[in-house]
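> Can you read through this structure? Questions will come right after.
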Amino acid sequence: MSNEATLHSQQEVMHGAGAHDHHDHEHHDSFISKYVFSMDHKMIAKQFLITGIIWAIIGAFFSVLFRLQLGYPDATFPWLESILGHWAKGGRITPEAYYALVTMHGTILVFFVLTAGLSGTFSNLLIPLQVGARDMASPFMNCLSYWFFFLASLVMMASLFVQTGPASGGWTMYPPLSALGDASIGSKIGVDLWLTSMALFVVSQLLGGLNYISTILNMRTKGMSMTKMPLTIWSFFFTAVLGVLSFPVLLSGFILLLMDRHAGTSFYLSDIFIAGKALANEGGSAILYQHLFWFLGHPEVYIIILPAMGMVSEVLAISSRKPIFGYLAMIGSLFAICILAFLVWAHHMFVTGLNPFLGAFFVLLTLLIAVPSAIKVFNWITTIWKGNIRFTPASLFSIGFVSTFISGGLTGIWLGNSSIDIHLHDTYFVIAHFHIVMGVSAFFGMFAGIYHWFPKMYGRFMNNTLGYIHFWVTLVGAYLIFWPMHYEGMAGMPRRYFDYSTWTSFNQFEGLNQFISFVVIIVFATQLLFVFNFFYSIFKGRKMTTLNPWKATSLEWTTPIHAGHGNWPGEIPEVHRWAYDYSKDGRDFIPQTEPLGPNESAH
Amino acid sequence: MQRKKIHPHKYSLWIAMGSITMMFIGFTSAYVVKRSQANWLAFELPHIFWLSTAVILLSSLTIHLALKQFKERNMQRYKQLITLTAFLGVVFAVCQWLGFSQMKSEGLPLSGPVSASFIYVIVGVHILHVLGGVVALLVMFFRAYRTRVRSYSAVPIEVAATYWHFVDILWIYLLVFLSIAR
């Protein structure tokens, strides 16, 4: 009876958003409404994923280009001139091009791949499927969210092709370099396009985030209480909360920056000389921008890592055939991370002129994050401990995630101390830290998610052998690339420099830099192998024949193999238990839809 | 069995309002940080801001009455009231704009002292949010004239009214903040 009411009210919601009734009768979409301006959350997820993959190839390729410069500063590569033109005269990347490449590498990977591509894909795919809803709270807003992201992508892409090049003051866009068009060649229209693109991106994230939150809080099927939800949903929920609260602050910062660029205001500018001439701007503060930027910027790293954490929790429980260890502790630690995320932003500013007494508080709060992070790590390890592990590519990537999250997280304890940071800030140690803990780890979580839910998305499997090759080369390669950077950083080698060869103290790293660049090329090629596997499997992969290939408990595996818009052909199933009843009472797994037995107690 | 849950669109609106609030918290905290530094020029807000406050408070009353009329299906009165509300929204924006020109004539242009630039940006972004509400009301207005599809759901007008009260309260907050923290 009540299920009927839920069904009815959801139909009403979809009507309100302009969708059609499609539960019981066959519904034909045109190509445009099915593949382009789709309002089906599953299609929007695929759109986010494929756009993210395209950006990831571009962003990773940029890193190959600048690693060529760092590893082989004296060599010339004539083919570079044929693709980059005057940015690589004579086959050597110019300093301006180098700065543009590192800036765009950061922007693309942080925002377009690991924010939109990761949480955009899996929040969209999994939230309605795992909470038992026909679609998002507002399918129309969800569609808008993707198209705002697409517009942001177009503008960012366009900035790569303007004559003065894209923004090149670093992905953080610190003023004054970003606020004054005359400051450098990469501060001209490239920065305007960057800011426009990012404003569109923020709108996209807010539209998406609103939907994720109201769907999770509002549209759960009967019986799906908050504490019966899979951890994936909890992590997407906290991710969306972080995004909705922190992206608007970034937008405020960008608006002030745009004013400084074009309206002659002095929010961030004071006492600046360009080519010996003093500018009129007075009374501004560059630190102000950093506060506004990092108030988003730090939650942003959790926006990136939380979805990966959620998916890894889910995949590890399924592949070790054991309930997740410490379900409530997992939720509690997500919540703690979410709160602390807003209280630690100034640890990015220890040496930029922040009051050292203020720094002490931020050190304490930063180190506190180690507690919930450690709880999560222990829970993952105890989940797989003595499990009957099935080493699918998804489970390998999940285990790899735990490994990189630990080794990258430990160096965070060093960097979180403001006194050690005096030596380590802006060195390769920082590069190594955040690439391992947020770059590689988030990618591993994303790969785990893609391999695991690929059958749900396309009704086919990805190739396992290619998956294993992909995993091992990426894991070994990631450590070979980033581990040596810790030593370079401890020796004081600064990041963002174009050429170290004139610097005698760092000549000892010449061979090491070549080695890193060499591994980067191999790892990049392996990612292309993954991309090939992905697209090949969409059309030619092994077909899915059973509904529930991984023998998982959660709701998404109760839908048909090629589920239409609305997900379940009949009624939405009712939920009776949590999502982690594995190896219980002598049974391998018990689906969430199965009522509790007479002598059975809930978890 | 009637569902007691709040409608998802209203839920989304509440979260969106939280998001907009964060944006203005961003601005006002930037203002506080900047104010504590040297060379801060204090000045009095344009007096017309008080008039615009009265206008936006009045518009909150009219949209409240519009919602009441809609629920009683007095569509004629409803249409009049939302038109009046949208009109008052535009009057509010014009008043704010006049405030800007007053500041400019007093030697406080946008590119002037940071304290003045902040007023332009904060009040300006708030005007945009009010105009967004005006656009929403125009959509409601044309919807009310549709003959082919008739909607009896009060959800859209409730969402619009809640948002309208929100930008009203937001303005009161900004006015109090900017008057006190000069």
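The first residue you see is number 1, and the count goes up from there.
Glycine too: its Cβ is placed from the backbone N, Cα and C atoms.
Taken from TrEMBL, the feature domain 'Cytochrome oxidase subunit I profile' covers A:31-594. The feature transmembrane segment is assigned by TrEMBL to A:48-70, A:97-122, A:143-162, A:193-213, A:233-259, A:301-318, A:325-345, A:357-375, A:396-416, A:428-454, A:466-485, A:515-536.
What does the local environment look like for each feature on the list?
Beyond the ends of the transmembrane segment (A:97-122), by six or more residues, the same chain brings 45-46, 48-49, 51-53, 55-56, 58-60, 62-63, 65-66, 69, 84, 87-88, 145-146, 149, 152-153, 156, 160, 165-171, 184, 186, 190, 194, 198, 201, 204-205, 208, 232, 236, 239-240, 243, 300, 303-304, 307-308, 311, 438-439, 442-443, 445-446, 449, 453, 496, 498 to within a C-beta distance below 8 angstroms of the stretch.
Beyond its flanks by at least six residues, the transmembrane segment (A:301-318) meets 110, 114-115, 118-119, 122-123, 230-236, 238-239, 242-243, 246, 324, 330, 334, 337-338, 341, 376, 379-380, 383-384, 394-395, 397-399, 401-402, 405, 434, 437-438, 441-442, 444-446, 448-449, 452, 550-552, 554, 579-580, 582 of its own chain at Cβ-Cβ distances under 8 Å.
Proximity of distant same-chain residues to the transmembrane segment (A:357-375), defined by a Cβ-Cβ separation under 8 Å and at least 6 residues beyond the stretch ends, is recorded for 326, 329-330, 332-334, 336-337, 340-341, 343-347, 350, 405, 409, 412-413, 416-418.
Residues 392-393, 396-397, 400, 403-404, 407, 428-429, 431-432, 435-436, 440, 443-444, 447, 451, 512, 515-516, 519-520, 522-523, 526-527, 529-530, 532-533 of the same chain, all 6+ positions outside the transmembrane segment (A:466-485), place their C-beta atoms under 8 angstroms from a C-beta of that stretch.
Here the transmembrane segment (A:515-536) has Cβ contacts under 8 Å with residues 53, 56-57, 60-61, 63-64, 67-68, 70-72, 447, 450, 454, 462-463, 466-467, 469-470, 473-474, 477-478, 480-481, 484-485 of the same chain, all six or more residues outside its ends.
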> Between the transmembrane segment (A:428-454) and the transmembrane segment (A:396-416), are there three or more CB pairs that fall under 8 A, provided the residues in each pair are separated by 6 or more in sequence?
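Contact between the transmembrane segment (A:396-416) and the transmembrane segment (A:428-454): present.
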> For the domain 'Cytochrome oxidase subunit I profile' (A:31-594), would you mind checking the mean pLDDT of the predicted model?
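Across the domain 'Cytochrome oxidase subunit I profile' (A:31-594), the average pLDDT comes out at 94.
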